[in-house]
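Undergrad: For reference, TrEMBL lists these features for the protein:
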type	residues	note
DOMAIN	C:5-107	domain 'FAD-binding FR-type'
BINDING	C:Cys243, C:Cys248, C:Cys251, C:Cys259	[2Fe-2S] cluster binding site
Amino acid sequence: MIVSKNEIANLLTQLAETYRVIAPVKKDGMLQYAAIKNGEQACLDDANTKKPGKEILFPQSEELFNYTISAEGIRMQDNVDKEATVVFGMRPCDVKSLVLLDNVFQNDQYTDVYYLTRRANTIIVGLGCAQPAATCFCSSVGCGPFAKEGSDIFLTDLGEAYVIEGISDKGKELLAKLSLAEAGAEQKAAAAKLQAEVTADGSINIEGLAEKLGGMFEHPFWESLHEKCIGCGACTYLCPTCHCFDIADEAKDCDGCRVRNWDACMFPLFTLHGSGHNPRTGGKARWRQRLMHKFNYFVDRYNATACVGCGRCIKNCPVNLDIRQALADVRALD
Amino acid sequence: MNTTEKIREVAKQLLADQKVDLVVGFAQGTLPLRSTPYFARTPEQAENLIWSATCENNLANFVRKRTDKVAVIAKGCDVRAIVALIKEGQINRENLTIIGVPCEGMVDRKQICQAIGCQDILEVTDQGAELSLKGKNFEKTLAKADVMFGSCKTCQYNTPVIFDELIGEALPAKEANYDDIAAFEALSAAERNAFIAKEMEKCIRCYACRQACPMCYCSECFVDCGAPAWIGKGAQSVDDNALFQTVRVLHLAGRCVDCGACERACPMGIKLSLLNRKMVKDVKGLFGAEAGVNLNDPPALNVHQFEDKEDFML
Amino acid sequence: MRNPYLPLPMKLVKNFTETSDKLIHTFTLEYLNEQDAESFQYEPGQFAELMVYGKGEAPFGIASSPTEKGILKFSVAKVGVVSNALHMLEEGTIVGVRGPLGNSYPLEQLKGKSLTIIGGGFAFTTLRSTIQYILDPANRGDYGDLTVIYGARNPGLLLYKDELAAWDARSDINLITTIDREVEGWNGRVGFIPTVTKEVAPKTDYAIICGPPVMIKFTMPVLVECGFTPDRIIMSLENRMKCGIGMCGRCNVGSKYVCKDGPVFTKAQLDQLPNEY
Ligand SMILES: Cc1cc2nc3c(=O)[nH]c(=O)nc-3n(C[C@H](O)[C@H](O)[C@H](O)COP(=O)(O)OP(=O)(O)OC[C@H]3O[C@@H](n4cnc5c(N)ncnc54)[C@H](O)[C@@H]3O)c2cc1C
Ligand code: SF4
Ligand code: SF4
Ligand code: SF4
Ligand code: SF4
Ligand code: FES
């Protein structure tokens, strides 16, 4: 199917009548995901959003449930968000990150109802990247500028129009309701050509990396890697695959609410034991955890690399500690 | 010899003579317009040191509480922080060799990004007063002075106030300039509140600002304290985010060296130095004190004089 | 979908000051109704998140044994927000419990085997659960000889004093208690756990050991000397935890999450993992 660019705003406005539509918008000079009512607000031409797509299903701060305490006892109110949602124009790396997070938020014993409910009620419209940024290396980590994994519907930008493909049943069903024009053979061919040709490898090669890292826990390499890191949360909070969180109780506008907030292994308090003992004492152990988790532990546990090559950590690190360089350095070790 | 070559020369000599164990400076970064803090421990590694208009980090951060003998390649604001830290007992002057570099100002990637519509920059050439930038579909030349960090535009201490060796010529001193703060003060309370709320809404509580600040070194920051929990830990509350910044700025009263490291580090582009500089201006106006400008003045918070203004106290 | 984050309300029926320094209290909780007791099926070694409404939750080992029907017990050291709040609770207050979480001691696998249980300080909670379980008339026959070595800095800091006395009086458990330094009126042994373990030289099929990191560090070689192979030394880890269900990423040791894959591991398993606990 095909939609010309000047019709896309209308399409979104129409979708917004039935769904909560979340799309990238320009706000405060940054591209950010936001719920929109009017399709004109969407900005599909810029590169990727500042904050990663995970925030839609796994917000930075989220009230899980609240409770009131009274003479009759305790009443708990669960805040599961069930609203039918369309996320429009998510880049393939962020879409892939959701596929990875699915592994985390549901295991053989437990289901994170907050994430999973949103996930089940969300249709993802992926948007291919005709012009990957210099910091992108998705093609090297099992994703790619036109990777469709995880998208329910997929858009390919032909300049004047988007070629639209239904990928999952959920996506095809939605498309069936929209009465869009069929794409011509030429347009389909142009889309296929783009999809086949555009890559973003960032000169990274992670073949054999997980195994290599597996034997490297005690390697002197970690001594220097972290040295310039100032230990902030930029690389993890802005990473689409980082899923660590904290749970706390707050009493605001209610007797109490249980909230969860993003947290990260780059902070010393993350692992501090009740006894005062801290198994990860310094930057060395923390950077090792970050790299190991993404490229070894996650692979071990879920058989996938927990990096989608979006480049956010590279762009946002205040000291330019570049994960691509770290990976290349590991590769160069014998 | 240009500055980079001189830095390498000095660093190599210090390491070869084993006068220091380590030279902290900058190396070429992995992105255009980026250099990166670098730790040279051998004369060979010293060959990687560079100097450019993108040496934006405050290296004082890396020389706090060290027991080894260290040399640091330090620009004006780095040295102000070092001076303040020496006075706070965080740096042992004996163990630190300061290789001062007079600094004409560092360029701000965020302003450059705005100036070119945030297109991907692939190549940068430094032409002295100008930067020429190249990307896939564009070429542009920008005057460095136009895209300098705010803190560099108003910097009065471009030449390090103390050093063991100075690389290059000292730069002429500049007049104090608080026009940005005066403009902010001229706004109505409602306008100021709205501005701060808008900025604080962007905060993701990554604490890069705190971590990048050479003067923020408390072993437990009040935001992290669990008992009592002084402040909500989530980023969704604009009030909590503003409270974090307010307390951060207050804890830096008379200590902030106005280097702008917090604002540079912030991934969300929040205008943090407005708050800091308001405090810097007030401390200067009310108490005549300025942090890190010489080794002799006692830290502002350590002195009380009867003539101190106290009409702000309740 | 069952929401694993929602706590089960339970009633605090007893807030008992366990140690002479008053820093450890034992809390006995009762289910509010029958179904809750039915649904909360646990085994010795598991833990739960204990919640004080308005304050938060924290993980604690379950100190009661499944053979003690209708109640749960936790012994909690006063260290921070939740533990302090717990200590101050009045009997009758409703608290929240989320669990049971984690794996348990392999009591099925231990059937027919003799066992040494070594505990130090207040890390005796899930060991109490295990001992109570084995000593239950319905289970005692399933297990061989049981030796328990339990130490604390001084007599006042030993947990469960009434039970220790009762166990001491039985012939089907060999209980050895020890304190760090001699005090008047103490009839048990004096000495650190590793030394006492060496003296006792247990010769059982398996050993379970819980305690502070230093104690573990020095007792481990003694156990190896006594002939325990790494797959027969069982330990319980205490990494910092939040979710308890393998999602929040906080408690990992290598690719294992202590909350879900543990907290119980054999030394053989831990030898395969990075030393980050
Ligand atoms: C599987 C498991 C079983 C456990 N079983 C038991 C048990 O049976 N009994 C028991 O008593 N404990 C047990 N623990 C330990 C217990 O979970 C902790 O003591 C508990 O989480 C403390 O919670 P809290 O809210 O009281 O303390 P918190 O307020 O979370 O603080 C805990 C400790 O961390 C320190 N701390 C907190 N925040 C900071 C900060 N910002 N900076 C520096 N230090 C800080 C505090 O000083 C304090 O010492 C167990 C832990 C695990 C993982
Ligand atoms: S590690 Fe960096 S590049 Fe990889 S997914 Fe995370 S933010 Fe993107
Ligand atoms: S890298 Fe760190 S913050 Fe990110 S998911 Fe892994 S453990 Fe969590
Ligand atoms: S963003 Fe950079 S400085 Fe901050 S924690 Fe990550 S690597 Fe360290
Ligand atoms: S660096 Fe910016 S986003 Fe991060 S905590 Fe500071 S103000 Fe907030
Ligand atoms: S406590 Fe959350 S993963 Fe273990």
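From the backbone N, Cα and C atoms, a Cβ is placed for every residue, glycine too.
All annotation found in TrEMBL is predicted automatically rather than curated by experts.
Quick one: where do these features end up spatially?
TA: Counting residue by residue with DSSP, the domain 'FAD-binding FR-type' (C:5-107) contains 13 helix, 45 strand, 45 coil.
Annotation for C:Cys248 ([2Fe-2S] cluster binding site): same-chain Cβ neighbours under 8 Å, separated by at least 6 residues, are C:Met241, C:Lys242.
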Undergrad: Write out which of the listed binding-site residues, namely C:Cys243, C:Cys248, C:Cys251, C:Cys259, lie with a C-beta under 8 A from a C-beta of chain B, sequence order kept, or 'none'.
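TA: Near chain B: none of C:Cys243, C:Cys248, C:Cys251, C:Cys259.
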Undergrad: Taking the centroid of the Cβ atoms of C:Cys243, C:Cys248, C:Cys251, C:Cys259 ([2Fe-2S] cluster site), which other same-chain residues have Cβ within 8 Å of it?
TA: C:Met241, C:Lys242, C:Gly244, C:Ile245, C:Gly246, C:Met247, C:Gly249, C:Arg250, C:Tyr257, C:Val258, C:Lys260
Undergrad: Suppose we call a site close when its Cβ is under 8 Å from a Cβ of chain A; which of the binding-site residues C:Cys243, C:Cys248, C:Cys259 are close?
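TA: Checking chain A against the binding-site residues, the residues within range (Cβ-Cβ under 8 Å) are C:Cys243, C:Cys248.
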Undergrad: Within 10 Å of the Cβ of C:Cys259 ([2Fe-2S] cluster binding site), how many other Cβ atoms can be counted across all chains shown?
TA: 27
Undergrad: Same chain only, sequence gap of 6 or more: which residues have a CB within under 8 Å of the CB of C:Cys243 ([2Fe-2S] cluster binding site)?
TA: C:Tyr5, C:Arg250, C:Cys259
Undergrad: Helix, strand or coil by DSSP: which one applies to C:Cys259 ([2Fe-2S] cluster binding site)?
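TA: The three-state answer is helix.
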Undergrad: Restricting to the same chain and to sequence separations of six or more, state which residues have a Cβ under 8 Å from that of C:Cys251 ([2Fe-2S] cluster binding site).
TA: C:Asn239, C:Arg240, C:Met241, C:Lys242, C:Tyr257, C:Val258, C:Cys259
